[in-house]
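Colleague: This is the structure I want to talk about, given as structure tokens.
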Amino acid sequence: MHGTGTAPRLLSVTRLATLVVSTLVALSSGSNYVVSAYLPQLGTRLHLTHTQLNIFAVAGNVGMYTSGLFWGRLGDARGPRPLLIGAFVFLLTGYLGIRGLFNAGLGNASELSQLRFVLLVMCSFFTGVGGNAGMLSAMSATANSFPDYFRAIVLGVVMSGFGLSAFFFSSISHALFPGNASDFLLVLGLGTALPMVLGFFFVRPIPLPLTTGEAGSSVNYQSLSTDPGVFQDHGSSSTHLVFQSDEDEEADSHESVPLHAPRPHALSDSVEASSSPGVLNRRHVNMPPPTREPPSKKVAEGRGVDLHRWSLWKTIDFWIVCSIHILLSGTGLMYINNVGAIAQALFARGNTGYDEAESSAWQAAQVSVISLANCFGRVLIGIIADTVKSRAHVPRSFCMPLVSTLFVFALLLLIVIDDVHHLWAASGFVGLAYGCWFGLLPTTTIEWFGLAHFSENWGIISVFPAIGGNLFSLAFGRNLDAHDPTTAEISPPTSGAPPSISAHQCLTGRDCYVQSLYLNLFACMIALALSVWAGRRDWSHWKRRLQHESVVDWEAAEGAGDSDEVL
């Protein structure tokens with residue numbers, strides 16, 4: 001047989017349609033990354049400080065990451081459809097709410113009231129909640145629809161849509177509504193919510209063909225006879241290992257299960273050969289002696305475990321990966337939220353012909369570069385990670401130090417850049433590193449903690465970037481506010497500020513923000529050290545798994561030899 005009888009082929013239209021629509025849903029879910037494209041205009045119209053703008057931006061990140069636990073459990077229990085309904089409601093409500101407050105402006109007031117600021121922050125929070133629901137539905141459906149040997153690639157493709165979201169929406173806005181933040185917010189509201197309706201009908205997990213092997217080939221297996229005369233419990237450990245070895249290969253290409261869990265086709269704890277020659281011959285034909293291939297080729301689902309809830313929280317590896325997640329994701333979120341302010345500061349330095357429209361163009365350019373690099377990084381790391389595992393026969397977690405190094409290099413580059421014309425380089429490397437990290441983390445989560453509760457586990461892990469994002473973004477905002485030019489730079493005797501510049505705009509270029517970048521650089525260096533430690537620990541798990549597979553191979557070969565003697 002070539003599957004379950006109902007499961008579509010691996011490259012069937014149904015499975016590919018799920019992949020394509022999941023990517024579209026992910027594209028609509030990553031709109032939080034485009035916040036820098038309209039954040040300065042929002043601050044100018046509503047007279048918000050940099051700290052308030054960072055609170056607004058962070059609220060979207062908090063909604064994105066803290067809602068993961070709820071959406072993850074709901075997705076594991078009910079499937080992706082409830083998540084897609086929630087995404088539609090929250091995204092539409094959030095962006096249209098922000099647009100309504102933006103259009104209303106301040107009226108006759110000199111500053112935004114506390115109540116309206118809270119409503120603004122709440123709407124930002126809603127956009128994050130909706131984006132996470134959409135993204136989690138797409139990721140879960142994709143992870144459960146494709147086998148392990150190229151799961152990192154397909155997840156990378158889906159998540160690349162998430163990273164491309166900022167470029168996609170900002171390009172539409174600047175092509176159709178240049179300089180019009182109100183219409184941009186309308187595009188975000190409708191453009192993010194409506195694809196969830198399409199996803200409701202197409203995004204779902206597609207069952208895998210049961211005979212999909214590690215190399216993508218199929219093997220013919222026939223059910224063993226259930227004749228009571230064939231199966232008798234006599235505690236024969238050798239023949240039991242024959243069944244466990246062959247079935248390990250099948251289980252490894254589908255989902256993570258404990259190494260000693262009951263296997264789906266083992267009909268008894270042990271098997272003894274029947275005295276019927278016909279049955280013996282059929283058994284021998286269907287279960288040939290295993291070839292002595294490298295055991296690493298059988299390690300399809302990482303550690304072969306299913307950790308969730310309290311068992312997940314008790315593992316050291318969970319805390320290692322979450323600590324790295326806080327440091328790297330927090331750094332990326334800080335830059336994404338504040339690249340508009342960085343571009344403004346560099347553009348305003350010594351620029352007596354400051355033009356708000358040109359400044360906005362530089363902000364939009366950085367958003368586009370980050371988005372494209374983010375998209376590319378998620379696909380690239382998927383290819384690298386799958387190649388590392390299938391060709392080099394080492395865990396995908398060996399890519400973690402590479403990603404951390406990218407973050408360190410990006411921060412060093414950002415620290416030395418003092419010209420807005422060169423800022424694209426830092427934006428590109430930050431986007432690449434951020435995309436690589438989020439492209440690698442889902443497959444690492446599956447390998448370390450199992451596929452069975454992936455949505456819930458990913459929801460828990462998704463909470464932690466909010467910690468780093470809050471810390472680093474607020475530190476950046478406070479540092480920028482500390483360089484507020486209203487006390488000195490724009491006083492009449494020394495004012496060099498162009499007439500169109502905001503009163504809250506720092507005019508000293510990189511000095512406006514560089515101090516906060518040293519905090520991020522230190523954080524990324526700690527993440528690099530933790531990544532090396534995580535790789536060493538994973539390699540220890542990997543070697544123990546290989547040793548176990550080697551024992552199974554030898555025992556299986558001995559069992560097959562005994563069968564030959566009986567024949």
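Just so you know, glycine gets a Cβ as well, placed from its N, Cα and C.
Copying in the features that TrEMBL gives for the protein in this structure:
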type: REGION; residues: 252-300; note: region 'Disordered'
type: TRANSMEM; residues: 52-71; note: transmembrane segment
type: TRANSMEM; residues: 83-102; note: transmembrane segment
type: TRANSMEM; residues: 114-137; note: transmembrane segment
type: TRANSMEM; residues: 149-172; note: transmembrane segment
type: TRANSMEM; residues: 184-203; note: transmembrane segment
type: TRANSMEM; residues: 364-385; note: transmembrane segment
type: TRANSMEM; residues: 397-417; note: transmembrane segment
type: TRANSMEM; residues: 423-446; note: transmembrane segment
type: TRANSMEM; residues: 458-476; note: transmembrane segment
type: TRANSMEM; residues: 517-535; note: transmembrane segment
Colleague: Of the listed stretches (52-71, 149-172, 517-535), which one yields the highest count of Cβ-Cβ distances below 8 Å with the transmembrane segment (114-137)?
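Modeller: Checked against 52-71, 149-172, 517-535; highest Cβ contact count belongs to 52-71.
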Colleague: So which of 149-172, 184-203, 397-417 is most in touch with the transmembrane segment (364-385), counting Cβ pairs under 8 Å?
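Modeller: The listed stretch sharing the most Cβ pairs with the transmembrane segment (364-385) is 149-172.
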Colleague: Report, as numbers and ranges, which residues of the same chain sit near the transmembrane segment (83-102): CB under 8 Å and 6 or more residues beyond its ends.
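Modeller: Distal contacts: 25, 28-29, 31, 42, 45-46, 71, 74-75, 116, 119-120, 122-131, 133-134, 136-137, 181-182, 185-186, 188-190, 192-194, 196-197, 199-200, 203.
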Colleague: For the transmembrane segment (458-476), which partner among 52-71, 149-172, 397-417, 423-446, 517-535 gives the most CB pairs under 8 Å?
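Modeller: So the stretch in question is 52-71.
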Colleague: Residue list, the transmembrane segment (517-535) vs rest of chain: Cβ under 8 Å, 6 or more residues beyond ends.
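Modeller: Non-local partners: 317, 320-321, 323-324, 327-328, 330-331, 334, 395, 397-398, 400-401, 403-405, 407-408, 411-412, 414-415, 468, 472, 475.
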